[in-house]
Amino acid sequence: MRLDVITIFPEYLDPLRHALLGKAIEKDLLSVGVHDLRLWAEDAHKSVDDSPFGGGPGMVMKPTVWGPALDDVATMSGKAHMGAQLDSARVHVDKPRHDELEGIQFAGYDAAEVAEADKPLLLVPTPAGAPFTQEDARAWSNEEHIVFACGRYEGIDQRVIEDAKKTYRVREVSIGDYVLIGGEVAVLVIAEAVVRLIPGVLGNTQSHQDDSFSDGLLEGPSYTKPREWRGLEVPEVLTSGNHAKIERWRREQSLKRTWEVRPELLDGMELDRHDQAYVEGLRRGNTSDNLN
């Protein structure tokens, strides 16, 4: 996969070189280019914004800068070659991981889009965009080329978004119902959520197959050694060795956490009779944890 990020703060994207994303770069599963938008500014001050038509506070990012930048990055031509190509922040130890040792091959998730597949995907983080979901992350993990446009101030001139549809599949996307200073933080969030689902990035594919939202529910609590810590003990069922009971307990904990934190996720969800009985018990307030 190829990621390109256009921003006025290239240094903000340095975290893309670290941890698993850095390792993915090292393994040639991922390449990342970071482009300074000001390279496409033509005035002496390298300005990228101007006052809004109709008045109002703040500044709007100029189409005369964004248009050429997106044109060049789409085809990696012109000034796009001046962008920084990120290397892994450190050399990682190359040792066999879980899936390699177990002979597990993960083919990846199905792509959501087939039409216009020859066009790169342009993601524009904005509070006015559609909510970013785990389903999006799965679908976009199949993309060959994703370009991020990081807005600032009052955002990017809307004509840039409309014009970009000639060259890109454009998606305006939001990571939550709040406002950030710029799009860079959202890019880090989306990039990490997407890249970790590329086959070979995680050492154990079950790590993301058991994630929150992978089956529509939130993931339940996790525990490790020691069994007792500061007067708190690990639930007995997890040390019982009874895998069927452990699996059922984890399922119920996932249902419980979803009911307590995001009950709307249960609306319309297809549950088996055991799940239905447990959720009904939660609604009535008479379901206790099964720790035995």
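Glycine residues also receive a Cβ, built from the backbone N, Cα and C atoms like all the rest.
Swiss-Prot names Ile175, Gly176, Asp177, Tyr178, Val179, Leu180 as S-adenosyl-L-methionine ligands; from the candidate set Gly151, Gly200, Gly203, the record adds Gly151 to that same site.
Neighbour counts were taken as the number of other C-beta atoms within 10 angstroms of each residue's C-beta; across the binding-site residues Ile175, Leu180, the minimum falls on Leu180.
A C-beta separation below 8 Å, combined with a sequence spacing of at least six in one chain, links Gly151 (S-adenosyl-L-methionine binding site) to Met61, Val124, Pro125, Thr126, Gly182, Gly183. Across the annotated binding residues for S-adenosyl-L-methionine (Gly151, Ile175, Gly176, Asp177, Tyr178, Val179, Leu180), the two most widely spaced Cα atoms sit 17 Å apart.
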